[in-house]
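Undergrad: Okay, here's the structure, questions in a sec.
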Amino acid sequence: MSESSKSTSTAASGGGRGQVMEVTGGVQIQQSRGLPDFLQSVNLKYVKLGYHYLMTNLLAVCLVPFMSIIVVQASQMKHDDLYQLWLHLRYNLVSVIICSIILAFGSTVFFMTRPASVYLLDFSCYRPPTHLQVQFRSFIEHSRLTGDFNESSLEFQRKILERSGLGEETVVPEAMHSIPPRPSMQAAREEAEQVMYGALDNLFVNTNVKPKDIGILIVNCSLFNPTPSLSAMIVNKYKLRGNIRSFNLGGMGCSAGVIAIDLAKDLLQVHRNTYAVVVSTENITQNWYFGNKKSMLIPNCLFRVGGAAVLLSNKTADRRRAKYKLVHVVRTHRGADDKAFRCVYQEQDEGGKTGVSLSKDLMSIAGDALKTNITILGPLVLPISEQLLFFATLMARKLLNVRIKPYIPDFNLAFEHFCIHAGGRAVIDELEKNLQLSREHVEASRMTLHRFGNTSSSSIWYELAYTEAKGRMKRGHRVWQIAFGSGFKCNSAVWKAMRNVKPSPKSPWLDCIDRYPVEIRA
């Protein structure tokens, strides 16, 4: 053994102490050691979990001694004590009656005016045909053959594809497979029909709900808004009733799916005993960019064909068969800020070609919007333990000027599942880092981006379908859907599972879930 080599062994001895024998250059030195440093050895994760459990059950902890005292006192009451209590109530009969009437009236008003519960019976995601899948090599070669892109633009798109997190099975519309491409109005209508009708057909079959029973219809598609509207196309296709309340949301970006859910929720509070259908999609055919401006080429590489149809109900009888209950919707709009307003912007380039430009400040703007959104959402969903820790840290920083790091609430205590809009790899990476999420928490988002690409407002539904297909959704689990969109907006929807949820028939993951998760190239 060389002079610089060391080895350390520990032997236990009486009284809870040990001996450390250090061998250095052949010389043995014995040193006594006291109790371990608990501040270093205690796993703070378990301390935090214990604190969380205590604060969550604080009311029960306080009530147990109180109820015990009442039970003890009641057990010691004699017959005369009970008789005296009866006489007291008898001689104060008027007071008892008035209190009973007030209690009954208050209970009636409460149950009559409280918001109706909104249930999600089922949802269906469109599964594109395999013959429309596009591999990276084919994508670049096809772009070259159109003659619209220079070598610099082609190389830029190749790099974006390789770093995007997309796989080789994503789908572009049929019109983009033609040479030259044919972005006509008719081709755009055909894409919309295939996606919307494909999702709705499956939804109606899975739920056994007749189209005539639908009282509310909401369609959101940001970039394709023909006349008649997309909602009118659905009314015509399925012969929906004449007094249906239909809405068509346009230009609201990738977060419009949550906006549509919020609108449906508000309508279901007013129109009782009815169904609402929300259709979330995007249309690529007429919105492909054929220029060479780098910031406008990125959507070509990320956006792919997809759509989802969601069936909601406010009927109490549907509680048993519902998959989820809507708990909260929180919407944040940063459009008053000019930089946020223009960070995702549809415009024409110098050559007059139309596309959607993505600002280099997009990630920081999205971060600010998310910060505002979770500041509002936090008190609604976080346990009291996390709120107290956050508040205490905030007071120490703001009032006492104590230099400590701001406390980041642990959203793992509020949600079991996260559906982060699959807008791109960078978005998912940043949320994983800043919200301190595990790889499994963001797995649904990463795999959706890999298998289906950025399907805009419907991506959060492909992610929820992934979680179901993996068999991870159990009764009582809470789901947080987070979506970002132009404007700039950050919107959240919170759902609670009503039962152990199984994947719906014809799930978009039906034929490939066993292959996931997959490793994504760095």
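Yeah, the Cβs are placed from backbone N, Cα and C, and that goes for glycine too.
According to TrEMBL, the active site annotation covers Cys254, His333, His417, His421, His450, Asn454. Summarising the annotation, TrEMBL assigns domain 'FAE' to 111-399. As annotated by TrEMBL, domain 'Beta-ketoacyl-[acyl-carrier-protein] synthase III C-terminal' applies to 416-496. Annotated transmembrane segment per TrEMBL: 51-72, 93-112, in sequence order.
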Undergrad: Here are the active-site residues: His421, His450. Which has the lowest count of other Cβ atoms within 10 Å?
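TA: Comparing Cβ neighbours within 10 Å for the active-site residues His421, His450, His450 has the fewest.
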Undergrad: Which of the active-site residues Cys254, His450, Asn454 has its Cα nearest to the Cα of His333 (active site)?
TA: Cys254
Undergrad: What is the total of other Cβ atoms whose distance to the Cβ of Asn454 (active site) is within 10 Å?
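TA: Looking across every protein chain shown, the total is 25.
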Undergrad: For the domain 'Beta-ketoacyl-[acyl-carrier-protein] synthase III C-terminal' (416-496), how many residues does DSSP put in helix, in strand and in coil?
TA: 34 helix, 21 strand, 26 coil
Undergrad: Can you tell which of His333, His417 has the least company, meaning the fewest other C-beta atoms within 10 angstroms of its C-beta, among these active-site residues?
TA: His333
Undergrad: Within 10 Å of the Cβ of Cys254 (active site), how many other Cβ atoms are there?
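TA: Cβ-Cβ neighbours of Cys254 (active site) within 10 Å number 28.
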Undergrad: For His421 (active site), which of the listed active-site residues (Cys254, His450, Asn454) have their CA atom within 10 A of its CA?
TA: Cys254, Asn454
